[in-house]
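Pulled these from TrEMBL:
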type: DOMAIN; residues: 85-276; note: domain 'TLC'
type: TRANSMEM; residues: 90-111; note: transmembrane segment
type: TRANSMEM; residues: 123-142; note: transmembrane segment
type: TRANSMEM; residues: 204-224; note: transmembrane segment
type: TRANSMEM; residues: 244-268; note: transmembrane segment
Amino acid sequence: FVLFALRFCAPAIGRRLGVRNRLRVSVSPSPNLESFYTQQSTRPTQVILSLFDIIHLMSLCGKSQRQIETWFRLRRHQDKPCQTKKFGEAAWRFFVYLTAFVGGLALSIMSLNLPQPMQSRHFWYYMLELGFYGSLLLRISVDIKRKDFKEQVIHHLATVFLLSFSYCANYIRIGTLVMLLHDSADILLESAKMFNYGSGWKKACDILFVVFASVFFLTRLVIFPSKIMHTTLVLSMENCQPFAGYYFFNILLMVLQGLHVFWASLILRMVPKFLTGKMEKDERSDEDSDLEEDKREEAEEDYCLTERKGTQSYKLAPLSKNCVLNNLTNHRASISGRLCKAQ
């Protein structure tokens with residue numbers, strides 16, 4: 001069902017929303033450059049050519065330095081995910097978050113007056129969350145690197161440990177409430193991304209961003225520390241004495257709260273741009289801005305080319321002066337010779 005949704009449903013919804021892939025120029029086949037790109041570079045998406053590498057590739061391929069730099073720039077763009085792929089991934093995460101939120105809300109309502117022990121529906125809810133965050137943790141190493149890459153890794157690890165410990169220690173209710181609070185804001189974030197990848201949905205994106213920011217601050221900066229952490233840190237001491245699991249569980253919750261504050265600061269940095277209408281990309285983005293990277297690399301190439309031309313013209317200037325002087329000297333000598341013959 002998941003493969004069917006990703007392969008057929010997500011592209012169909014994307015076409016409805018106007019998701020279009022940007023036109024990308026394909027590189028000309030070059031086995032030597034392709035071999036260097038895939039084997040010599042540890043990170044092909046950010047390959048950096050040294051002067052020695054450029055000279056070596058120029059001798060192998062018979063291309064100029066500018067042609068080789070352009071080839072690698074276009075080749076890097078081919079490895080970046082297209083808009084339809086980004087939309088499909090956002091749609092997949094939206095579906096999982098929505099399913100987990102509805103399931104967690106139903107479990108919380110049904111378990112209000114029931115004892116704490118694990119039931120089969122809690123088991124499947126935990127397996128869904130653990131499997132999803134485990135897949136995010138495995139995929140983040142091959143995904144596009146962002147400014148909060150380390151924070152994402154810490155968040156996914158802390159979430160996996162929290163889910164595992166709450167499952168083993170039978171902290172079912174507190175684990176369900178923690179995931180429920182997180183999923184409520186993530187649904188809005190992924191839906192905003194889906195509309196952002198489309199065309200003509202700017203107003204819908206703005207509305208979803210406002211709702212997402214409001215829900216994020218309410219759930220993660222107000223409810224999470226005042227209700228969840230207060231219960232686990234303070235109220236739990238009234239019924240039992242602290243043990244090793246008490247410190248481990250609360251330390252992980254504090255780590256999550258620190259990450260919440262970090263991401264809240266990124267959202268606050270986006271608010272002035274949103275109010276002035278200048279918000280064009282996510283504050284976390286490092287490599288999603290293809291156009292900016294293109295302009296920067298093209299400017300660097302033009303600058304290098306101008307520098308080389310300036311250096312060459314500087315070196316050729318004395319030569320040109322010598323040539324002019326030699327021509328004048330030869331011309332005067334020929335004129336004096338003709339005058340002698342005429343006399």
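Backbone N, Cα and C define each Cβ position, glycine as well.
Remember, TrEMBL labels are computer predictions, not curated facts.
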Using a Cβ-Cβ cut-off of under 8 Å, list the residues of the same chain that are 6+ residues beyond the ends of the transmembrane segment (244-268) and lie near it.
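Distal contacts: 148, 151, 154-155, 158-159, 161-162, 165-166, 169, 171, 178, 213, 216-217, 220-221, 224-225, 228-229, 232-233, 236, 283-284.
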So which residues does the transmembrane segment (204-224) touch in its own chain, when a touch means Cβ under 8 Å and the partner is 6 or more beyond its ends?
178, 181-182, 184-185, 188-189, 191-192, 195-196, 256-257, 260-261, 263-264, 267, 271, 274
What mean pLDDT score does the domain 'TLC' (85-276) have in the model?
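Overall, the domain 'TLC' (85-276) comes to a mean pLDDT of 85.
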